[in-house]
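Visitor: Below is a structure I'd like to ask you about.
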Amino acid sequence: QCLYQLLAFVPPGNGSLAVAVDTQHPLALQLNGSAGGAELCKIQYHFGEFGNYSLVVKTLSTSTNTVSCDLVINEDPVNSYLPILFAFLVYVGILAILIAGRLFMKIDPVRNWVCKKLNLRESDRPINSDLGSPNTPDSVSSDPTQRLWSTAPRQRLRSLDTFRGLSLIIMVFVNYGGGKYWFFKHESWNGKLHFPSAPFSRFVFIMGTSISLSLSSILKRGSSKWKVLWKILWRSFLLILLGIIVMNPNYCLGPLSWDSLRIPGVLQRLGFTYLVVAALELLFARAGTESGTLETPCPALQDILPYWPQWIFILMLEVIWLCLTFLLPVPGCPRGYLGPGGIGDFGKYPNCTGGAAGYIDRLVLGEKHMYQHPSSNVIYQTTMPYDPEGILGTINTIFLAFLGLQAGKILLFYRGKHKQIVSRFFIWGIVMGIISAILTKCSKEEGFIPINKNLWSVSYVTTMSCFAFILLLLIYYLVDVKRLWSGAPFFYPGMNSILVYIGHKVFENYFPFKWKMQDSQSHAEHLIQNLTATTLWVIISYILYRKKIFWKI
């Protein structure tokens, strides 16, 4: 539903000219006559990268002003996916070498020789991770219910750190450019869940899971709620401060300027979400719920019913989001508008980007303190600033973290009962998927509430939580139940997530994470650079893990 944009003016006679067209989406090329601007012909085509095409226009009848349009391929487009295939094969080769190394390490003489030479020591011990640590009870505890949690001396749920690390590494790769492939970029507005859409949402989800486990562990040790609340406030303040002072400004362009400083951001949203969800969990924490000593009317809902005040609070937040989104009057825009503005919706609402969400941010924060280059301005040519980490979307971020909190409660209530945990993760994933299907009508644009990462719509949250529950189920089963996978290499950045995230942003313009390329239009060069930078952060996190260096907030 975009307005046609002038691509070129074809000179009269047998003239020709060259233009560049987009290759991300299928395009509709419309040829209009110079006299009256009447449509002469239209052709739809999905152009390929670096292809060379000719649009041949022939006059069939001068009396009726009839023309024909034919598309001729002069040079075939290149296969831009070959660098991805090559990179995949390289990483598979590295994985094969590592697996072979592990097999050799099972041979006693080889293992003894390597351990003697490298002086290897076990460093897998319970360490508080950032954004909430899922410390599990000590394996030597005399409590039989705690011994059920793990049949081996492992003292930490590695699946949570693996889940967090996987999300983080994908975020790092995407932030570094993702090889300049369109599917590694954020969707312009509604629709398909591209590769970058999931990592941040999964990070929010696992933060909620960690909150549940870490607060349970802290309160069991006898810490007062006031002391814990102070730690929550302090951690949230530090995250927000780091986001505003360290992450948002680009100091390569000059000193910090308060006049145009962006206030929202990823760490700011994480900090505020952590504050609300952790305080909510702390406020309604009840003794005896996790141990099973507190009776509930329905044992099958023992991880939900004792926390009904929390659900009431979250539902109230969702009602607020729905009312503001669909009922708040926005000057110059239709009520309940969820579109991108610009040339979208046939250019009827050019200054309505984001509807109520964008309006609230511009009203409260001011246009100069918002994100100035949203993903919508590429396709929809929007001119209004819009912040994907704005105020209204934070409500649904809290909802997503709360669903992650529910996953943590499942791990606590059913510790040691792997079938119960796996089945409940699966049920939650199915329920969230059904809700998403209803909200979107299984369509891109025609649903009640489309999936939209920029708006953090309810359907986006339910869809992402569906994927998160299923992914956590798989990782938990492989890493902590069957122990077929140690979680490497994602486990290591998951143990130092704040350090890796802040570090990759601070040093993104410095060697060896970035260098001058010979051909800036080459996917291969961009992919090599981005994968190298991402791999370096994995190696750094592994070295820090071996040195037992963990940055906590």
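For all residues, glycine too, the Cβ spot is worked out from N, Cα and C.
These numbers come from a predicted model, not from an experiment.
Straight from TrEMBL, here's the annotation block:
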type: TRANSMEM; residues: 81-101; note: transmembrane segment
type: REGION; residues: 126-148; note: region 'Disordered'
type: COMPBIAS; residues: 130-148; note: compositional bias 'Polar residues'
type: DOMAIN; residues: 156-278; note: domain 'Heparan-alpha-glucosaminide N-acetyltransferase catalytic'
type: TRANSMEM; residues: 163-183; note: transmembrane segment
type: TRANSMEM; residues: 203-220; note: transmembrane segment
type: TRANSMEM; residues: 232-251; note: transmembrane segment
type: TRANSMEM; residues: 271-289; note: transmembrane segment
type: TRANSMEM; residues: 310-330; note: transmembrane segment
type: TRANSMEM; residues: 391-414; note: transmembrane segment
type: TRANSMEM; residues: 421-439; note: transmembrane segment
type: TRANSMEM; residues: 459-478; note: transmembrane segment
type: TRANSMEM; residues: 490-507; note: transmembrane segment
type: TRANSMEM; residues: 527-545; note: transmembrane segment
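Neighbours and distances for these, please.
Guide: Counting residues 6+ beyond its ends, the transmembrane segment (81-101) has Cβ neighbours under 8 Å at 179, 181, 523-524, 527-528, 531 in the same chain.
Same-chain residues lying 6 or more positions outside the transmembrane segment (232-251) and placing a CB less than 8 Å from one of its CB atoms are 131, 257, 261-263, 265-268, 270-272, 274-275, 278-279, 282, 502, 505-506, 553.
The list of residues near the transmembrane segment (310-330) in space but at least 6 beyond its ends in sequence, with Cβ under 8 angstroms from a Cβ of it, reads 280-281, 284, 304, 336-338, 352, 355-357, 359-360, 392, 395-396, 398-399, 402, 458.
Tertiary neighbourhood of the transmembrane segment (459-478): same-chain residues 157, 159, 162-163, 166, 193, 197-198, 201-202, 205-206, 209, 396-397, 399-400, 403-404, 407, 418, 421-422, 425-426, 428-430, 432-433, 435-436, 439-440, 447, 449-453, 484-485, 487, selected by CB-CB distance under 8 Å and a gap of 6+ residues from either end.
Long-range contacts of the transmembrane segment (490-507) within its own chain (CB-CB distance under 8 A, at least 6 residues past either end) are made by residues 127, 129-131, 158, 160-166, 168-169, 171-172, 175-176, 203, 242, 246-247, 266-267, 513, 533, 537-538, 540-542, 544-545, 549-553.
Packing against the transmembrane segment (527-545) from elsewhere in the chain are residues 83-84, 87, 123, 165, 169, 172-173, 176-180, 489-490, 492-493, 495-496, 499-500, 503-504, 508, 512-515, 517: each is 6 or more residues past its ends and has a CB under 8 Å from a CB in it.
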Visitor: Given a Cβ distance threshold of under 8 angstroms, which distant residues of the chain, six or more beyond its ends, lie next to the transmembrane segment (391-414)?
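Guide: Residues 134, 157, 201, 204-213, 216, 264, 269, 272-274, 276-277, 280-281, 289-290, 292, 302-304, 307, 310, 314, 317-318, 320-321, 324-325, 356-357, 360-361, 364-365, 420-421, 424-425, 428, 432, 454-458, 460-461, 464-465, 468-469, 472.
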